[in-house]
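To start, the structure itself, in structure tokens.
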Amino acid sequence: MAYYEAICFWLSLVLYALASGGNIYALVFRNQKVVPKLLVLITVGFVVHSGAIAARYVAQGHMPWSADYENGLMGGWFIILCTLYVAWRQKPLRVLSVATVPTAMLIMGYGVMRNPTLAPMAATLKSFWLAIHVYFAWLSFGAYVLAMAAGVIYLLKERAVRERGQAPAEPVPGRFDDISPERLDELMFRYLVFGFITNAIMIAAGSIWAKDLWGSYWSWDPVETWSLISWLMYGAAIHLRVTMGWRGTRFSWLMIGALITVLINLFGVAVLMKTTVHVFRFS
Amino acid sequence: MLNSVFRYLGSLRCTIWLIVSLLAVFSIGFFLPQRSLVGKDAYLKWAASEPFLGKIDQALHLTEIFTAPVTLALWVAFFVNLLLVMRQRIPLVLAKIKADPEKALKAQGGSGLCYSIELDEAAQERLPEMLAGLGYRLYGSTGRFLAVKNRLSPLASLLFHLSFFLLLVGWLLAFYTRFNGFVDVAQHEPFLGQISRYNASPRLPKLGSPPQIKLQVESVLPEVTQGVVTDIKVTFKDETGRSHEIGINRPYKDGYASVLFNDLGISPLFVLEDASGREIDGAYVKLDVLKGKKDHFSMQGYRVDALYYPDHAVVQGKDTTRSEEFKNPAFHLEVSRGGKPIAAGTLHPGEALQLDGVRLGFREQNFWVRLLVTQEYGRDFIYAGFLVALIALGWRLIYYRRELTGVVQETDGKRILQLTAKGDFYKALAQDEFDRTVQRLGNWVKT
Ligand code: HEM
């Protein structure tokens with residue numbers, strides 16, 4: 001890690017941690033008044049986080065998009081970016097930060113424990129198609145995290161509704177009261193759809209890149225295999241909703257569970273598989 | 001019995017099970033090392049370290065899961081299911097895109113969002129124009145109508161699923177026409193495309209003939225920074241004498257054939273001279289010595305074992321390399337004859353080692369490259385498949401169909417337009433959009 005990068009990285013983690021603590025407070029004590037202040041904290045954290053990326057860029061001379069630490073750094077950044085974007089577009093969606101910020105912290109924390117050393121850009125990573133591939137991977141990842149967060153809020157809200165014996169469509173005072181369960185349910189689908197389309201672009205671009213790098217579009221390499229698993233999983237989820245009518249609680253659990261496939265895609269391939277074939281002996 | 005299997009194969013429940021089964025099969029391929037990927041040696045090592053899994057594997061061929069009969073059967077079922085379901089969907093989709101105002105008015109019932117707008121006769125006449133401004137096309141009369149935005153979007157669902165067939169055709173074409181061979185070529189060494197020059201056994205196409213690639217590598221320029229390969233430039237001439245440069249991620253493409261850089265090795269020129277300085281023998285030998293590996297070659301009955309230091313230094317009397325960069329190349333050579341050691345020493349380019357009456361000189365250092373030559377047809381179908389799938393996904397899921405049904409009623413001398421709005425996929429979230437749409441319509445009506 002570069003000097004300023006390390007400072008910014010840890011500072012952003014602290015700010016995100018404070019915001020997450022505040023979110024838990026708001027949740028437990030049913031005090032939503034603090035939520036706008038927490039959003040300010042997250043925004044400051046995001047600016048500092050961007051500083052960490054900029055410092056790394058300056059130190060290395062290329063965008064950080066390889067290996068676990070950089071996956072965590074950029075993945076976390078995209079998650080927060082998506083969170084802030086939806087919160088800016090629609091105030092009630094600020095509440096999604098309850099689940100998205102801890103997810104970003106988790107992957108950043110995991111990444112930093114692995115390999116934050118600075119390295120020049122390997123020739124294998126210099127490709128237009130790879131840039132498209134990585135960019136859309138982050139977008140889809142951010143959208144899937146939002147879908148998961150909407151699922152978490154849906155479940156919390158549903159429990160609150162059950163406790164109070166109110167009809168599900170009615171707002172629950174003190175608990176995310178400006179967003180109805182029906183909206184949350186549809187938001188899950190909307191984020192899922194965005195993630196699914198960007199994920200499809202990511203797979204297509206990755207496969208065109210693979211042809212230039214390894215000579216074939218698809219070789220069932222663990223990385224390729226798992227990204228297909230993850231896409232098919234979300235495809236199955238779309239089917240379950242569109243053709244089998246899955247909604248609400250079941251669909252929320254599906255969105256939370258399906259995110260595991262994405263996390264494995266991000267880190268697990270390196271952890272679970274000791275070898276992926278696509279390495280140059282020379283490199 | 002056969003009928004019910006056929007009926008099940010045409011059902012959406014079957015689709016879900018097929019996708020889940022494919023997920024399961026791919027997960028096996030992810031967790032268990034696949035022979036085709038890791039190679040025979042690595043597979044045998046794994047099987048020895050995991051005797052239990054190894055036994056299961058031998059029985060069920062789990063380490064060749066992507067080509068296992070069960071997987072192929074699943075793919076066949078997948079495409080049969082896809083065909084059957086899509087055949088059922090075609091009339092439904094066609095019915096959906098047919099804009100029939102009376103049917104829509106009946107079907108709408110109370111399921112949509114309801115709005116009412118007061119208007120006058122002139123505004124009513126202008127409704128088609130106003131709705132067009134909002135992206136809707138009006139069907140029927142201005143008093144009883146259906147207005148639709150993105151009417152054809154349901155067609156995209158068929159298009160998306162049928163794009164899988166384009167990918168299938170592309171994959172089949174690529175599978176049957178694929179040629180795949182690795183060839184090691186040293187700098188200045190011509191390669192005339194002979195099949196016998198390829199390493200091991202190249203994969204020959206089941207249909208068609210191998211590519212006629214002829215080339216001569218002119219220069220190899222690797223760039224290593226901090227142990228990371230940051231670039232490599234391989235320049236070669238084709239048979240017409242034209243120069244091409246390839247590198248990692250930058251293959252040379254000739255129609256459906258391509259030449260990719262795959263690996264790099266050291267190709268030094270060693271020369272054997274007698275006592276009078278006359279050359280007895282000499283050759284560019286291809287050595288696999290990068291990353292500290294030991295390799296050997298033979299010359300005039302001498303066996304020469306070689307270790308390579310790209311950035312040579314001597315630390316505490318021992319040869320070592322400061323980095324992986326080719327800054328100060330040197331070889332440590334151990335020469336023997338009939339198993340008897342004769343001489344040993346470390347040479348830089350231009351230096352020589354004294355043997356029993358002759359000298360082994362290290363003249364210059366060149367490289368050899370391992371090139372991967374491939375050829376396969378089907379690219380056009382694969383690209384078309386990707387493109388159609390992506391366009392269709394966007395069309396179906398972002399530009400989804402929205403419809404408004406409208407009836408103008410006269411009550412208490414007022415002319416009221418009763419609107420019902422409905423969109424595919426969303427209801428609660430669609431409300432904001434429909435509220436805005438109706439508000440804009442209301443504003444226009446007022447002006
Ligand atoms: C045997 C294979 C498949 C069949 C028979 C099938 C069938 C269907 C059907 C009938 C619909 C509902 C269409 C509608 O009402 O508008 C649908 C929707 C959808 N399917 Fe599939 N599907 C298959 C495989 C897949 C796969 C592998 C994916 C991607 C992972 C996928 C992605 C989608 C998506 C995104 C939708 C929602 C958009 C739309 O309506 O087209 N499908 N599918």
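Just so it is clear, glycine is given a Cβ too, placed from its N, Cα and C backbone atoms.
Owing to the predicted nature of the structure, the values given are computational and were not obtained by experimental measurement.
The transmembrane segment annotation in TrEMBL covers A:6-26 (among others).
Per TrEMBL, transmembrane segment is recorded for A:38-59 (among others). Distant neighbours of the transmembrane segment (A:38-59): 1-6, 8-9, 11-12, 15-16, 18-19, 22-23, 26, 70, 73-74, 76-77, 80-81, 83-84, 87, 94, 97, 101, 118; these residues of the same chain sit at least 6 beyond its ends, with a Cβ under 8 Å from one of its Cβ atoms.
According to TrEMBL, the feature transmembrane segment maps to A:71-88 (among others). Sequence-distant contacts of the transmembrane segment (A:71-88) (same chain, at least 6 residues past either end, Cβ-Cβ under 8 Å): 9, 16, 39, 42-43, 45-46, 49-50, 52-53, 56, 64-65, 94, 96-97, 100-101, 103-105, 107-112, 138-139, 141-143, 145-146, 149, 266-267.
According to TrEMBL, the domain 'Cytochrome c assembly protein' annotation covers A:76-274.
The transmembrane segment annotation in TrEMBL covers A:95-113 (among others).
Residues or ranges marked as transmembrane segment in TrEMBL: A:133-156 (among others). Residues 27, 65, 74-75, 78-79, 81-83, 86, 95-100, 103-104, 175-176, 179, 181, 184-185, 187-189, 191-192, 194-199, 201-202, 205-206, 209, 234, 248-249, 251-256, 258-259, 262, 266 of the same chain sit 6 or more residues outside the transmembrane segment (A:133-156) yet have a Cβ under 8 Å from a Cβ within it.
Look at TrEMBL and you will find A:191-210 (among others) tagged as transmembrane segment. For the transmembrane segment (A:191-210), the residues of the chain that approach it from at least six positions outside its boundaries are 127, 129-130, 132-134, 136-137, 139-144, 146-147, 150, 216-219, 224, 227-228, 230-231, 234-235, 237-238, 255, 278, judged by C-beta separation under 8 angstroms.
The transmembrane segment annotation in TrEMBL covers A:225-244 (among others).
Residues or ranges marked as transmembrane segment by TrEMBL: A:251-273 (among others).
Counting residues 6+ beyond its ends, the transmembrane segment (A:225-244) has Cβ neighbours under 8 Å at 144, 189, 192-193, 195-196, 199-200, 202-203, 206, 251, 254-255, 258, 261-262, 264-265, 268-269 in the same chain. Looking just at the domain 'Cytochrome c assembly protein' (A:76-274), the mean pLDDT is 86. Same-chain residues lying 6+ beyond the ends of the transmembrane segment (A:95-113) with a Cβ under 8 Å from its Cβ atoms: 9, 12-13, 16-17, 19-20, 23, 26-27, 32, 35, 38-39, 42, 68-73, 75-77, 79-80, 82-83, 86-87, 145-146, 148-150, 152-153, 156, 176, 179, 259, 263, 266-267.
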